[in-house]
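A short worksheet on the structure shown next.
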Amino acid sequence: MLREPDQHGWTRQVFSEPYRSSRDLVAAKMRRCGLEVHTDPAGNIVGVLRGSSPGAPALITGSHTDTVTGGGRFDGIVGVMGALELVRQLRENDITLTRDLIVVDFLGEESNDWGLSCLGSRSLAGELTAADLERRDGQGQRLGDRYDTFGLDPSAAISARWLRNTPLHSYVELHVEQGPVLERHETQIGVVTAIAGIERVLAMFLGRPDHAGTRPMDDRRDAMVAAARAVLAVQRIGCGAPLHGVATTTRLANGMASPNVVPGEVQMRAEFRSIDTEWLSLAKQQVVTDIVDEARSEGVDVEFDWTTDNEIVHSAPQIQDLAATSAEQSGLSWKAVPSGATHDAVHLARLCPMGMIFVPSRAGRSHCPDEWTDFADIAAGVQVLSATITALDAADSVSSA
């Protein structure tokens with residue numbers, strides 16, 4: 001099975017048996033394409049198409065095959081299968097690149113129960129730590145233990161340095177847009193300019209628990225009311241963001257959860273995303289001010305814990321130009337777009353110049369069973385990926401700036 005049978009949609013969460021099956025399938029397809037295949041210490045499935053100049057900085061492409069719970073069939077998969085189609089076409093037409101071409105199915109790109117996305121690419125960039133492996137999921141299981149039961153060495157994942165010891169020329173990832181922009185503009189190709197930075201906050205609202213039936217309404221310190229006002233504050237800030245900025249409350253949890261108790265403790269999780277550094281900074285300041293003011297009016301205290309999930313990462317201008325030119329020469333319409341979603345490309349950008357190519361998502365739907373991209377659009381994306389990779393193969397070097 002390539003998905004969990006008891007889940008709606010397509011579910012292949014990292015370390016699950018359906019995920020193991022999908023990786024076995026990808027490895028088999030890589031071998032049929034003539035790639036040299038192995039699983040690296042970070043847990044990534046790696047296939048290499050040898051070029052004519054051993055030692056030349058290598059090209060790299062790929063994506064992921066894990067999904068969120070109840071996800072779709074295209075997120076990540078298009079990048080992996082599109083890369084294999086590129087390899088098939090090169091071999092079918094007896095084209096030998098100068099550089100090695102590395103195709104990767106990265107381990108665990110999606111967010112998981114340990115709160116850590118992009119496990120494989122994070123490891124390659126030297127950003128997976130021993131502390132990360134100590135994280136525990138809702139059942140109390142260590143992340144490092146899940147590596148072990150999946151047949152991977154967690155200590156090796158921390159020091160998985162093959163990419164850092166392998167000279168890399170550039171990375172290009174084909175992906176579905178996961179948003180509505182390309183479809184709304186009737187555009188076939190998105191050339192990604194940047195990947196959004198993400199700031200996340202855990203806000204703890206500390207009120208006073210009381211009997212819900214006997215405490216008068218004008219004498220309450222209701223943490224849930226303060227949290228509800230905070231949800232609206234997050235929404236206001238998101239609605240006032242410049243283009244491509246968003247703000248989302250992702251969770252509310254009542255620490256007492258009794259039907260006859262005025263909530264005295266509530267947790268709220270929210271996130272802010274943008275490719276505008278200044279707006280992200282101002283949004284953090286504004287949401288704290290607004291939430292504290294609203295909470296004080298309810299007699300509730302608030303504590304904040306901020307984490308930066310992603311810094312803003314910009315695509316290499318030269319790769320953007322090559323992708324746009326490739327689209328034009330193929331007779332395809334294109335548009336420069338940012339990515340609001342995180343991708344393995346964020347971490348590969350620490351290692352080499354990076355670029356991404358988007359294809360349209362029907363109605364902008366993603367991370368759900370309704371996720372769909374027309375096969376003609378995927379074929380167009382592979383065409384642009386192929387032309388971009390070929391052009392990069394001929395380029396002496398690429399600057400990240």
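Placed from the backbone N, Cα and C atoms, the Cβ positions cover glycine too.
Straight from TrEMBL, the features:
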- HIS64, ASP75, HIS175: Zn(2+) 1 binding site (BINDING)
- ASP75, GLU110, HIS367: Zn(2+) 2 binding site (BINDING)
- ARG200, ASN260, ARG273: allantoate binding site (BINDING)
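Shown on the structure are the features that TrEMBL records.
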residue	record	DSSP (3 states)
HIS64	Zn(2+) 1 binding site	strand
ASP75	Zn(2+) 1 binding site	coil
GLU110	Zn(2+) 2 binding site	coil
HIS175	Zn(2+) 1 binding site	strand
ARG200	allantoate binding site	strand
ASN260	allantoate binding site	coil
ARG273	allantoate binding site	strand
HIS367	Zn(2+) 2 binding site	coil
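Note on proximity: of the binding-site residues ARG200, ARG273, HIS367, the one nearest HIS175 (Zn(2+) 1 binding site) is HIS367, by Cα distance. Here HIS367 (Zn(2+) 2 binding site) is compared against the binding-site residues ASP75, ARG200, ASN260, ARG273, and the shortest C-alpha distance is to ASP75. Same-chain neighbours of the Zn(2+) 1 site beyond HIS64, ASP75, HIS175, judged by a C-beta within 8 angstroms of the site's C-beta center, are, in sequence order, SER63, PHE74, GLY76, ILE77, VAL78, GLY79, GLU109, VAL176, HIS343.
Here the C-alpha separation of ASP75 (Zn(2+) 1 binding site) and GLU110 (Zn(2+) 2 binding site) works out to 10 Å. Proximity of HIS64 (Zn(2+) 1 binding site) to non-local residues of its own chain (separation of 6 or more, Cβ distance below 8 Å) is seen for GLY76, GLY79, VAL80, ASP105, PHE106, LEU107, GLY108, GLU109, GLU110, GLY120, ASP344, given in sequence order. Annotation for the binding-site residues GLU110, HIS175, ASN260, ARG273, HIS367: lowest Cβ count within 10 Å of the residue's own Cβ, ASN260. Across the binding-site residues listed here (ASP75, ARG200), the residue whose Cβ sits among the most other Cβ atoms within 10 Å is ASP75. For the allantoate site listed in the record, the two most distant Cα atoms among ARG200, ASN260, ARG273 lie 37 Å apart. Other residues of the chain with a Cβ within 8 Å of the Cβ centroid of ASP75, GLU110, HIS367, the Zn(2+) 2 site, are THR67, VAL68, GLY71, GLY72, GLY76, GLN178, SER366.
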